[in-house]
Amino acid sequence: MSHLTVLLLLPVLCGIISTSTAASSASRKCEDSLATPLPYSSFTSSSVFARAYGAGYAKLNRKQGAGGWSPLDTNRNQWLQVDLGSRKQVVAIVTQGRYSSSDWTSKYRLLYSDTQKNWRPYLQDGNIWTFEGNVNSEGVVRHELQHTILARYIRFIPVEWSREGRIGVRLDLYGCSYWADVISFDGHGVISYRFRSKKVKIMKDVISLKFRTTARDGVLLHGEGQQGDYISLELRRARLQIFYSIRNLMTLLSTVYGSIQGHTSVTSGSLLDDDHWHSVVIMRYRRNVNFTLDHHTQQFRTNGEFDHLDLDYEISFGGLPVSVKPSSGGRENFVGCMEGITYNGDNITNLVRRKKVDTSSFRNLTFSCAESSSVSVFFNSTSFLRLPGQTYSDTLAVSLSFRTWNPNGLLMYTTLADSWVELGLTEGKVTFLMRHDTKKLRIDISSGSGLNDGLWHSVHLTALEYYAMLTVDGDEASTVRTTIPIYIQTGGTYYFGGYFLNTNTGSVQRSFQGCMQMIHVDDHPADLRAVEQGLIGSFENVSLDMCAIIDRCVPNPCEHSGRCSQTWDTFSCNCNGTGYTGATCHTPMYQQSCEEYKHQGKSSGSYWIDPDGSGPIAPFRVSCDMTGEIGCERDGRVSPEPCLFVLPVCVQVLLVTSSAEYCEQYVAYACRMSRLLNTPDGSPFTWWVGRANERHSYWGGSGPGIQKCSCGIEHNCTDHKYYCNCDADLREDAGLLVYKDHLPVSQVVVGDTGRAGSEAKLTVGALRCQGDRNYWNAASFSSPASYLHFPSFREETSTDISFYFKTSSTHGVFLENLGTTDFLHIELRGSVVFFSFDVGSERVELSVRSPVPLNDDQWHRVEAEKNIKEAVLQLNGQYREVRHSPPQGHTKLEYYSDLYIGASSGQRGFLGCMRALKINGVTIDLEERAKVAAGVNPGCQGHCNSYGMHCRNGGTCVEQYNGYSCDCSLTAYDGPFCTDDVGGYFETGTLVRYDFPPEAGAVALREVKSLSSVGVPSEANLTQEQLVFSFSTSSAPSILVYISSRTQDYLAVVLRHNGTLQIRYSLGGLTEPYTIDVDHRNMANGQPHSVNITRNLREIRLQLDHYPVSTYTLPEASDTQLNLVKSIFLGKVFETGQIDPILIERYNTPGFVGCLSRVQFNSVAPLKAALRSGLASPISTHGILVPSNCGASPLTISPMASASDPWYLEAAGAVFPFNEDKTSEDGVDRNSAIIGGIISMVIFTVLCIMVFVIRHMFRHKGSYHTNEAKGAESADCADAAIIVNDPAFTETIDESKKEWFI
C-alpha cells in the first residue's frame, strides 16, 4: 500500500549561536611551586627600599633579608617581576606580607609576557582583574586563576597596601612546565597536510592551534573539496571567523542562483592583532560545532543537510594552497606564529619539524617567534607623554599609530614660535587644528571616520611653511591638504595623550584613553626606553610596553541580541526591538502568559507574551481571549515541495503547553474512498505525530491507546461495524485532541491514497491553551521556622528573581542561600523590602520602601535583578531602586549553593503566601516541594482580597484554589470580569417577558437557579428600585421597558414620536401617571444610549448617558410602593388585564426595533435570562431575538487606555518585534456599522440554518449528541468510560483551522 505523508512542520526556535564561557581549572598534576625554587637573580623590581628589601627575598614563608620585598616609593608605579626561566603554565598565586612588619599589599594586579615586552594584564570577567591581597604580614591568601596564564615573565603590580606601613610582599606561583613546537609564518609559507587518500568524508573534526600576530587579516587554515564543501579559519579585521560549507541537496541550485544555503559563518573575539597568544579549538560532530577561542565557546549547527565534510587532497595551515589562490578573492596569508597545531589527533607542528609534511613554500622555515620591534604606550584618563624634538625647524613632522574606543581625545599637542598645533580625535575623525592667536588665524582639517573601532590606525602629519598634509591609515589618495599662510618654527616639545598642565593656550585639553605605538617626531622614532629610564622627556601614569585595551562588547554582554556599544571605561546596550529592557537587555518587557494580563484587568486582544521570561526564547504574539484561552496568530504556508505543509503554530508552543492547565487542537478528516484508522487491532492507515515526536493512532474525540474515532467511542458511527466513519468510506471524523502532553500535532501521515477515486480533506485547527499553572503555583508558610529547600539553581552573569507574596506579618526572610562566596538574600522588614548579594568581595544591598503597609494581606510583587552593570529592586511594578554594580566580581558561577525559600539560618522566616516564584525565567515548583515540607502547605487562598476589584458591575469574587473567578449571576453582564455586554437585536414584534412568581412561591423559587443564574427579589412590594439598560434605535415611537404589577401600578420607559424619552410612573393616588419628559435630545438617532433610573420612595434620580444626574420628586398624593410586581416586558407589551391605554395606543405598535443591552431591574437581568437559555427560568420570548451589544461600550473604565497601553498590540505605534501597521483613529459612521452588523447577522443566521438542515439530513438516524460530561457508570464500554470520565474532553470548535485537500 502506498503512503502519502502530509508533514505539518512545527517550526523550532533555536538560536543559531548560543554562547557559554568555559572556566578552566587547574589539573591536580599542575601544582608545582614555580617561584620558590628560583635563584635570587630571577626576581627584579622597579626599586627597593634598601638592600635587605630586595626582590629576591620575596619568596613565600621566607625570613631572609628583611623578610620580603618593599620598593623605595610607595605608589602605583612599582612592580615586582619573576622570571620563570621558560614559558610555564601558571594556575594559582599565593601572597604574604613582609615578615613581622606592617608592610603588606591588600590589592594587586598581574601582568605577563614571554619577552619582557608587550605586557598583557590578567583579565577576568571582561576587566583588568584586581586580586584581593593580605590584611596582615603573616596570613597566606591564595587565588586560583580562572584562566591559566601561559608566559615566562610575571609582574606583580601593587594597587593598594597597608595603611600602617608600606608596600610589602612575599609570593609564590603554582603551575607546571609547558612546551610546544612554534612555527613562524612570513606570509609566503603554507603548511600543506596531505590526506592519505585523495578524497575524505569526515564526520568528526578536532582542530586546535595557538596563534600570535600583529596583522589584522590572514588565513589560518583552509580545506575544500570539489563538491563545494570547505572549511576555513581566517582573521578579518582582527576578529576570528570560521566558515563551513557542508553540501546539501541545493548545492547545484546555490551555484547557479548564487544562494548561500548550506554556508555557515561564525565570528569570535576581537583585537586579535595584539601580538599575544590566542588558543583556538574547533570540535565538529556531524553538523554540531563547538568553536572555542580563549576559553569562550560558541556552539552552533552548520547549515545544509548532510553530516560529512568532503575534502580533497589536503588541508593547509597559514594560508591558501596554490591551487585555490586564483579564486581566493585576494585573501592574505597569515603572518605571525603558530604552535600546537593538531588535526584529528595528528600533531602538525611536530610533523613539520620532522619534515613529514610539505613546507616547500617557506622561504626560511624557523621554529621560533620573533619579537615585535614596536613599543606600545598605554594611556588612561590621567596620562601624558612628553617627548623632545627639533627646535626652530621649519618643518613639523609627527606620525603615530593609535587604537581606542573613545570618539574623542587629544593625540598630540605642540607649541610653535607664535602659534600652537593640536592633533586629535573628534567624533571618530582625526582632526588637525592650528591656531595663531595674534593674527586670529585658525586652520582646521579632518580625515577618516569611525576610527574609534579599537583597531590600529596610523596618522601622519606634515606641516611646512605653505601647506599641511594629514594622512590616515597610509591612504595617500585620501590625504587632506591645506595652505598655511604663516611661518612654521617648531618649539621642540611634544605632548602625547592629552592630560598635561597648559595654561598659556586655548587648546581644549581632553584626555586620550587608548594605546599608541610607532611614535615618530621629526621623522625619527621616539626612544621610549630612554624615556622610561628618565634620560629624555617625561611621562605620568603611562604604561610602557603594554596596551591594556579591552573589548567589552566581545563576547556581547547585551542579552537577547541587544546591540552593544562602548567607550574606554564602559559599555551600553541598545535593547530596541528585542522585547527586553534594562542595562543588559535582560528584563522581559512582556508578561509570561495571558493569565497575567487577565489579572491585571486587561481586556481581550492581541498581546506579546514571553513564557520563559528572561530565558532565551523570544516573545511572540498571541490572541488572548480573557476566558483564559490563547491561540497563536501565525499563518500557515505551503511549501513548493509536493505534500509539504506548514502548521501555523508558535515556535514557542512547547513552553505554552508545558505551563497551561488545558490544551486542545481540533482535527477533522473528510473522506471519500480513503480510510482513516482501520480496526482497533489492525495497522492504522493514518497516524499523527505530536510534541515528543511520537506516533499516535487515535483521533479527535478519542484518547491515547484507543484506536478509534469519536463516533466509535459514542457508538454512533455511520456503519456500526467500524469505529470511524471514514473506515466505511463515508462522511467525516472530527473532534478535539486534548491530551496536552501529545500536542501540538506536527505531522500527519495519510496512508489510504492508492484506490481509484480516493479523496480526503484534512483539517487541523490552531492549538488553543488555557490557564497558567506557573502563575498560580503557590505555597503557604504557617511557621516562621518553616522553609522550602532547593538544591541549587543556575547562576548567570545576570540573575533575576520575581515572586508575589501576601502576609499579615511585618518581618520575614523571603529567600536566601547560605553560600560563603555567592550570598543572596531577600527580606521583608516592615514596609521595606531588602535585596542583598555579594559581588566579588563587596556586599551590595538595595531597599525599596512602600508608602502603604505590606502586611495588609494583599498580593504584592517583588522583582530583583543583578547584572554586570547594575542591580535593580522593584516593588509592585512602581517603586524601585537602581544601584550600579561594582566593576568586577561578576564571575559566572556554575551553581549557587543550597537555596532556601524562607529562612533556615536562625532568622525569622516568611509567614504568609508566596506564588509565581521565578528565577531566570524558570518557575520554582513551590507546590510540589510544599507537599513534603513541615509547616508549609501547597496552594494559597484569599485571592479576592487583591483581585476582587477586577469583578466589575456588581460581580462577586469567588475564591478558587488556584486563583479566583467572578460570579456575574446577579448582573446584566457576562465574561470573566462581568464586563461583557449582554444584549439583543429586536425585530418588529419581538418582545421578551420575564414573570415574577407569586409572593407565596417566591421563597421556593429563589432556590431555583437557571443557567443564567438570574436572582429573584424577595419582596413583591417595592419602595425603591433601580432600572438600568442601554439601547439604540432609529425608529420611534416604541416601548423600551414596561414593568407591570398585579394591580394598576406600573413603570414604563418609552420613546415618543419625536424620539425623546419619557418615563411613566403609576403608583396609585394620582389620576394620571407621573411622567418625566426628556425633551432636549432625540434618542432615536441610531447611537447607543444608557439609562439609569433609581427611585427611593418619592425621589427619582435619572441619568442619561454621561450627562449629570437629574432629580425628580413624586407628588405628595402619589403612593410610594410599586405593589405586587408581576412582569417585565422588553420591546413590546403583551399583557392581559387593565393596561394604560395611552401606552397601547401610542407606543406599543409596531413595537421596538433596535438593540437593548445590559437590562437590569434590581437583581433581575431579564434579557440575559432570555439569551442564556438553559434550565427552567420564568422567561419567554416572542419573535426573533439576535444577540448583540448594540455597539455600546462597557460602562467600566479599563485600568489603562489601550492607546497608551504598551502591552496592547493594537495600540498605535506598537511595533515590536515586527513592523506592524499603526491603527488609524476610528472614523466609521456608527449608523453604517450597525446596519452592516445587522446584515451580517442575518446572513450568518441563514447560513447557520442551511448548515443545520444539511447536517440533519445526513445525520445517522437523526440522533442528537451533547457534549455534557457523563459519569463512567453511564458509559457503554471501557473506552467510553476512559473518555467521558476525563473532564478535559469537551467539544469547543475553534474558528481558525487549516484544511488540506488530498
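Just so it is clear, glycine is given a Cβ too, placed from its N, Cα and C backbone atoms.
Per TrEMBL, the disulphide partner of CYS940 among CYS913, CYS951, CYS957, CYS966 is CYS913. Mean model confidence of the domain 'EGF-like' (549-586) amounts to 92 (pLDDT, 0 to 100 scale). Residue counts for the domain 'EGF-like' (941-979) under DSSP, helix first, then strand, then coil, are 7 helix, 12 strand, 20 coil.
When Cβ-Cβ distances under 8 Å to the domain 'Laminin G' (777-940) are tallied for each of 23-176, 182-369, 374-547, 995-1190, the top count falls to 23-176.
Highlighted: of the candidate stretches 23-176, 182-369, 374-547, 941-979, 995-1190, 941-979 has the greatest count of Cβ pairs under 8 Å to the domain 'Fibrinogen C-terminal' (585-636). As a quick check, the domain 'EGF-like' (941-979) and the domain 'Laminin G' (374-547) miss the bar of 3 or more Cβ pairs under 8 A, pairs 6 or more apart, so the two do not touch. Look at the Cβ of each of the disulfide-bonded residues CYS913, CYS940 and count the other Cβ atoms within 10 Å; the largest number goes with CYS940. Assigned with DSSP, the residues of the domain 'Fibrinogen C-terminal' (585-636) fall into helix, strand and coil as follows: 5 helix, 17 strand, 30 coil.
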